[in-house]
Amino acid sequence: MNSNFRNFALWVVIFLLVLALVTLFQSPGHRGGGSDIAYSQLLNDADAGRITSVIISGPEISGTYNDGRAFSSYAPNDPNLVTKLQQKGVQITARPQSDSTPWFIAVLMNILPIALFIGAWVFLSRQMQNGAGRAMGFGKSKAKLLTEAHGRVTFEDVAGIDEAKEDLQEVVEFLRD
């Protein structure tokens, strides 16, 4: 497989993973099957007797209306909410606030920074190896030593190229002076 294609594919996969994580953490949690209503609307509907039951889980409230429609709302810290709902005859179910983050997301969020750091280190190491021969080989030159085994270029080799021959003669004359 081509090295450039592998690098491109790796960056595409990294981009898609980051995009998926951003989308996952920016989208609001799905609290229930019903429509979201304002807290004031919840209180008004409770006063009017339109609410049958509610489930309180931390600051999240979900419930059903008398006609069977579902709703959900976010409640501020109101100590009188439960008594208000009890006075209106609403059936109240309390549940502990659930940690909606799955275990694999929690593990991923702990490992992701370390993996990104190691990935950046490997990427930079490979870039340095391509540039100067080896990582940490700052003083090494990529120049090749021309030996007899590689052959010599003489004036006869460039006989058909008059410009090259003239340029070489000028350099030789300059060096002799």
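Backbone N, Cα and C atoms are what each Cβ position is placed from, and that goes for glycine too.
Pulled from TrEMBL, these are the features on record:
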- 10-97: domain 'Peptidase M41 FtsH extracellular' (DOMAIN)
- 103-124: transmembrane segment (TRANSMEM)
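Helix, strand and coil residue tallies for the domain 'Peptidase M41 FtsH extracellular' (10-97), in that order: 33 helix, 25 strand, 30 coil [DSSP].
Mean predicted confidence for the domain 'Peptidase M41 FtsH extracellular' (10-97): the pLDDT average there is 84.
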